[in-house]
Every structure is written in C-alpha cells, then in structure tokens.
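J.: Before we start, here is the structure in question, set down as structure tokens.
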Amino acid sequence: MRRHMVTYAWQLLKKELGLYQLAMDIIIMIRVCKMFRQGLRGFREYQIIETAHWKHPIFSFWDKKMQSRVTFDTMDFIAEEGHFPPKAIQIMQKKPSWRTEDEIQAVCNILQVLDSYRNYAEPLQLLLAKVMRFERFGRRRVIIKKGQKGNSFYFIYLGTVAITKDEDGSSAFLDPHPKLLHKGSCFGEMDVLHASVRRSTIVCMEETEFLVVDREDFFANKLDQEVQKDAQYRFEFFRKMELFASWSDEKLWQLVAMAKIERFSYGQLISKDFGESPFIMFISKGSCEVLRLLDLGASPSYRRWIWQHLELIDGRPLKTHLSEYSPMERFKEFQIKSYPLQDFSSLKLPHLKKAWGLQGTSFSRKIRTSGDTLPKMLGPKIQSRPAQSIKCAMINIKPGELPKEAAVGAYVKVHTVEQGEILGLHQAFLPEGECDTRPLILMSLGNELIRIRKEIFYELIDNDDEMIKKLLKLNIAFPSDEDMCQKFLQQNSWNIFRKDLLQLLVEPCQSQLFTPNRPKKREIYNPKSVVLDLCSINKTTKPRYPIFMAPQKYLPPLRIVQAIKAPRYKIRELLA
C-alpha cells in the first residue's frame, strides 16, 4: 500500500513539473515574439516588394509611443541604378516659374554627375536646372534629324546615342565603329543659340534618358546672355595668345564657336592617351601633368639594377663587398685561420661560384649569394657561413632574364603643362617615322581647358603658312623610356635612403602601438602601399585573400609600384 502511494505521488509530481515546463516555454516564446513585433513595428504594411502596390506607395500607421501618425513613402527606397531620380522628375514636370529655389538647387546637385553640365559656370547651372525637362526614348528613336532647325539641346543622363550623316540614323546600326556619345555628354547647344540647321542626325542606340532645354525657355530666362559671357571669355583668352595674333576677329569668333570649356578637379584623368585624342586642348587655368606608364622590366638599366641589389641579399658587412682580397692575401689569411688543419679546396670556391652562375638559363633559377670569407674547415672551432640559395621564377625578356616578381610598372611624370600651353599639336606636322607613338596620359592638377576638334582647327589654319611655322615650334621632345627608368631608379634610391636615415635618427614611439590579432604576413608586393620589397623574394608566404579585388579589365596591364625596397647595406655601416 505504501509503495503504491509513493508511486502515485511521483507520477503526480512529474505531471505537474511537465505542465510547469510547458508554461515556461510558452512564456519565453511570447516574450520573443513581442521583441520581434516591437523591432519590426516600423515595417508593418511595408508595400515595397509587389509592383501592384506601387500605385499607392505611401502608407502610414499610428505610433503609440510618439502619439502621432508616421507616414512612409516606399518610392524613396526603390533602387533604380543609374536612372534619373523620381523626385527630380516630379520637379521637372513643373513649369520653370513654379519651381522653388530649393527644388532648383536639388536638381543642380543631382546633375553634378554630368561632366558637360559641371563645366558650365555656377549661375548658368542654376538657370539650366530651372528650365530643363525630362525625356526618355527607346532604341532607334531619332532625336535630331539632319537638315532641321535646332529648337532644343540635350544632356545625356543615361544611355548612348550615335552621330550619323544620314537622315534616318540607320547607318549607326550597320557601322561596326559608330561615333557615340555617352552619359555626361551634351549636344545641340550652338544650333539653339544661333538658330542654325542641324548638320548631323542623332539616334538612340539603347533606352536613353535626356534633360532637354527648349529654345523658348532658353531665351525667356536669358540663358543666352550667360552663354555669351562664356563665349566672350574664350575669345579674350585666344586673343591674348601669340599664336592667334595675326587672325582677324571674325576668324577668331569661328574658332570660339567651335570650342568648349571643360573643368577638371585635382587628380582627375583627362585623357588616357592625348596623342590619339581627336581634340586640341588649350590650358586656360591651372596645370596638368603628362604621365607615362613605364614597363620597368623592358629596361636594361632596371635589369642591371635588380641583379646588382640581389647580390646583397645575404646581408654581409659593407667591407666584404667593397674590398676583394688578392690571391696572395687570401692564401696568407687561409694559413693563419686554418692552422693546423688545412683544406685547399675552398680557395677557388668563390671564383667557381661566379663561373657556375654564368652557365645556362632556365625558367626557375637559383641565385647563389656569396657566403662568408672564411674557408671551409675540417675542425669544429672555426666554421664558415654557407652561401645562401635563392630560388625564384624567371621570365625571359628582351634585355635578358629577370625574376618574375620584379616585372612591375610605374607611373612616371614626363612633363608639366602650365597655363597658356597647348596639347595635341606637338606632332601635328612631323613625318610619320618621327612621331612618338607611345601612349601618354594626361592628368589634371586642378585646371580648366578649352577643347576643339582637330579637323575643325585644321580647316581654319588651311593655307596659313605663318600659323604652320608657329605650330612647328611647339614640338615637344619627351625623354625616352630608358632615361625615365634611370631617373626613377635614382629617385627611388634616394627615397629609400631617406626613410632608412629617418628610422635611424628619429627615436621610436615610446607608447606601444596596437597590434592586430592576426599578424601581418610580409609579401614581396603590397598593393596598399604600392611597394615592391625585393628583400622578401626568397621568403615563402601563404597568399592573402583581400576583401575586394577589382576585375582584371579595370586594372592596368602591370602591377604598379611607387617604390622598390631592394637589398642594401645597413645605414649604420655607411655612416661609420
């Protein structure tokens, strides 16, 4: 009987405990659901996924905490990459007189991504933002037809258009290399200003978005006065140049009508190869640099410099490199250091190593650096340091063999173009055999330039012998790649020496620097600092995986470096 009562009590307790655990689980789930509801309260009735609800994109809900109604517009969060923003479209649907100053400024800020719009002066930018309207056209739509009078001019916000000489624009889809205008370009401005007839046809190659300025709005808001001010500025700039001193005002105005002002910020790329550019550029303000992407591996000077410095990778003292003992001195030193044990086999070892190093070439080559000057001993007291063996992959180039890791490139400054100088005419009248065909990059240092197409300029100077004589004097002889490579190596040696000297003279920071948990692995090429460290050429490290790596089509053909850390003597030995 007693056993039965104990068993019944245990079953009852077990049942009650199970009910208690179930109740606790339900309470925890309720609390978790409540937390989720509070966290996602702002996303209730979120209608952004289904396109059917885009007809009513604005919804609202009552916020108990704030005691107010919160309104949410889903159209503000729709991502349409590259398209003109819906808010700006709504502003441009208004008449110019109905647009507020804040709306005009908002449109002006959005249009700063367009290069052609940004080149206008700030007052003219605001006037254009006030009168613009938005248009979107599909593929094969003819925007401007040849022979018609110009009533509008256009800014391309998205898409591509082609320029053709036929009336319907069909040749653009048959030509393998049509003349194209992309986002940021504009066309039709001068035709609107002078009410001239269109000389070409513009057709859409894909769905394209335009910002259009009509002729009526153009003159009603006095945009012609601002455009005339820019034209007067270009005229005065050309008139001050000695090159156009013999031209009449009428002929100079023809040049002004075909020229355009463009502004570039510091470090902005102007042209990847201005020698192949179809434009002539007059620097009206600021300055720019001519750069050359130099393939260092193709230079004999760079190859000799690499091999000279790789011989120092063993880290021997300075005296052992500067002085080489004569055979008699080496024999006397051997007798002193090797007494009573003598091993004559090591006397010719350094010379044999030099001879072995010159025999044969292969893709993978071992660079044997010189060991210590002490001979190889049979006894345990005096031991010579073994020669260090460096194994690296080799490539065969025109000057000779070069370690694969050392085949890099560098951007070298060739020339600085100042205000008043001209680019694009330095080889205009040279024979084809004497022209410099190397690609030269033009980078802005914060400048303003005036562009004009070469064919238009050549038409204006046709049969003008005096002008041609002046242009022949503008020829610029840029240095050869070999000279630029030698200058780069000299500058690099000085920069590395200066850094070594600063590290020696400047006291290190007393406070302990923060060290990350994951130790940084030394690599021969550091893409962040753009430095090639040849001292680590023989050290094997595991490859590091960066968070982001640009596609190869966006990268230059060579690994770009700004400095090369080569094996070198210690700075203390040089100053001793």
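Just so it is clear, glycine is given a Cβ too, placed from its N, Cα and C backbone atoms.
Predicted, not measured: the structure shown is a model, and the values here were computed from it.
Grabbed the feature section from Swiss-Prot, which reads as follows:
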BINDING   116-239  nucleoside 3',5'-cyclic phosphate binding site
J.: Which of Ser116, Gln228 has the fewest nearby Cβ atoms, counting only those within 10 Å, among these binding-site residues?
T.: Gln228
J.: For Leu180 (nucleoside 3',5'-cyclic phosphate binding site), list the number of other Cβ atoms lying within 10 Å of its Cβ atom.
T.: 12
J.: Among the binding-site residues listed here, Met132, Val212, which has the most company in the form of other Cβ atoms within 10 Å of its Cβ?
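T.: Top count of Cβ atoms within 10 Å goes to Met132.
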J.: Mind telling me which of the binding-site residues Gln148, Thr164, Ser196 has the densest Cβ neighbourhood, counting other Cβ atoms within 10 Å?
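T.: Of the binding-site residues Gln148, Thr164, Ser196, the highest Cβ count within 10 Å belongs to Thr164.
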J.: So, three-state DSSP: helix, strand or coil for Leu180 (nucleoside 3',5'-cyclic phosphate binding site)?
T.: strand
